[in-house]
Protein chains: 2
Amino acid sequence: MKSTVGVIGGGQLARMMIPPAVSLGVIIKVLEEAPGMSAELAATGVGDYHDLDTVLSFAKTVDVITFDHEHVPQHVLHALVEAGVPVHPGPDALLYAQDKLLMRHKITELGLPSPDWAAISNADELGAFLDAHGGRAVVKTARGGYDGKGVRVVDDKNAADDWFTVLAEDGRGGSLIVEELVDFVRELAQQVARRPSGEIAAYPVVETVQKGGVCAEVIAPAPTATDAATGLDGSASTVAEVARDIAVRVAEGVGVTGMLAVELFETRDGRVLVNELAMRPHNSGHWSIDGAVTSQFEQHLRAVLDLPLGSTRPRDAWSVMINVLGGPVGQFMQDRYPAVAGEFPAAKLHSYAKESRPGRKVGHVTVSGARLDDVLADARAAAAFFED
Amino acid sequence: MKSTVGVIGGGQLARMMIPPAVSLGVIIKVLEEAPGMSAELAATGVGDYHDLDTVLSFAKTVDVITFDHEHVPQHVLHALVEAGVPVHPGPDALLYAQDKLLMRHKITELGLPSPDWAAISNADELGAFLDAHGGRAVVKTARGGYDGKGVRVVDDKNAADDWFTVLAEDGRGGSLIVEELVDFVRELAQQVARRPSGEIAAYPVVETVQKGGVCAEVIAPAPTATDAATGLDGSASTVAEVARDIAVRVAEGVGVTGMLAVELFETRDGRVLVNELAMRPHNSGHWSIDGAVTSQFEQHLRAVLDLPLGSTRPRDAWSVMINVLGGPVGQFMQDRYPAVAGEFPAAKLHSYAKESRPGRKVGHVTVSGARLDDVLADARAAAAFFED
């Protein structure tokens, strides 16, 4: 089998691929952006992923290329494919994680449910959309947004003028996306893995709680409190079934290889709508490291190597993952281990080996168990130790 | 906190410390015996652990020293301690894992149950022991044995003459150990972790099945079929309680820091006897990587860093670990993944990245679940794929 996986990008997602690579006996090599990044242990190169020569010479040392992030430019990706390098996910799939406008067109073409949306090029078009949607909407840049960046809630047709100006100066005729402000009861995320040969494995849908546009808390599986939804074929279904069906159709429709996360809104009136796509391991799946038979990181390695996928069975009834954001500046998560580990012997502590600064994701905590109330309380309390 | 752990020895036990080190954000550095060993990814040095200068300069790059094996000479260990390096386990504890004769004296001094045993220096002393024990016994060299080496079942007083000759030529007055051939119903292993500050955490006792003196199969926890034993204080106890009490008393009596494994015999007449000690992660605990909240490798890191210990709770009712011994010469375990992973999506596959040769431990497979019969059958069938 091909057994050296090359990861472009040295962040925490690359870092968290290291443990399953070691367990499976898969060699992992990381091209990091700068020395000393989170995935340093597996770094075999340092360089700019925008530079084709850098990426091509890294690719010569591995059997398959995958990613820590979605920012590698299309021309670099296509050059890799032309050079005969297996790239997973491939450029034609990854495009829909890179460009939110193309994603909305594709989701609509696949017959999957989106919030009302439009491509807009000027303030008047924004104004018309606002008039038709109660005066408020979400405006997004097609490219470059993550963790709440490039996303703006607006109630004034001139509130995105700065972005329109940038697009006009760019001169490539790009548009912004405007979307209805969805009246959701909660946010969900559905992950599936897909191999190049077509096999798909779905994880249980999870509930995600965002704070300031950043994922703060994940409950796996999503509790079934509001568990009635309209299926893709109009049938009565559970929210979990609809979420899984949507993600499977996206994975197949777009030809994703590796992990896919579909961020979803569950609306007050029982609809499940596609919010965003991510084609890599995703923050909403970190619970699976400790909470599922096969973690999303092992699954991603299996998928990009075209190996049979592993069981996605949860190990306990509930797992809750809390991100550790910030903490005292200049400290590391592990500085607090003596206190936290003593109080919470069953909490799984994950540090990304990053120095703390306010709002920075430096690690996460997962607790699993039989009762959701207990699991939630322990996970929150353990994570809180790191942030004050 | 001190957060760089140095591991002497580059074998699979060092390798399996890498995933929890990455998760916890602990830096791990390995001094391997030769380039390209199993723990290569974390190797920062190559050298001979018998050489004091090599070990001392490696120790300067880490906060605490621990081990992949028990072969580092006492004079090297003591020099480390004198140089102010935290060494876990320390030389005074490790001595009892290095020398089986000293171990037997210590176990007896601690009031813990051993098979009948004696130190012997010549064939006549062996003959006298054989006469008193039905004509058969086990002879062991005090040092250098592992995986069935340095152990011999004898029924003739001259059957250890070659070893006596070596001891006589050595001229240091050493002895062999002779032990009664225990009529055991099964072999068990009890693991505990102990921190320098004294906290102890015990894993459930497991059943181990040896083939040719090598651990082949581990069932966690040990089934309770013959579950009546005489406690250390003469009370009626369960086998699990007696096993745990023995290991805790050894850990405290000897001052072990890090993981301790006590290999035990359960006899037909309800006794639990100490067979061997190991002061490091142990083959009988590999199940815990996938089967317990805190794996023995994470626990070892926590213990040697003097961090609070993690929960030893099993994740499922049963876990079965099967060693993969050998397989087609020159292949790697991962060459068989396409077949095995498809048949057994819930099997956790662990490769030590070693080329196969007959009888060599190249990896292991663990399956966890609710029914022991199913778990055993799946684990055995999955492991068998690798060996033909």
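Keep in mind that glycine also has a Cβ here, set from the backbone N, Cα and C atoms.
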Record says B:Lys140, B:Glu179, B:Glu180, B:Leu181, B:Val182, B:Glu187, B:Asn275, B:Glu276 bind ATP. Source is TrEMBL. Which of B:Lys100, B:Lys106, B:Lys348 does it list for that same site? B:Lys100
Taking every protein chain in this structure into account, which of the binding-site residues B:Lys100, B:Glu179, B:Leu181, B:Glu276 has the most other Cβ atoms within 10 Å of its Cβ? B:Lys100
Per DSSP (three-state), B:Leu181 (ATP binding site) is coil
For B:Glu187 (ATP binding site), the nonlocal same-chain Cβ neighbours (under 8 Å, six or more residues apart) come out as B:Glu207, B:Thr208, B:Val209, B:Gln210, B:Glu263, B:Leu264, B:Phe265, B:Glu266, B:Asn275
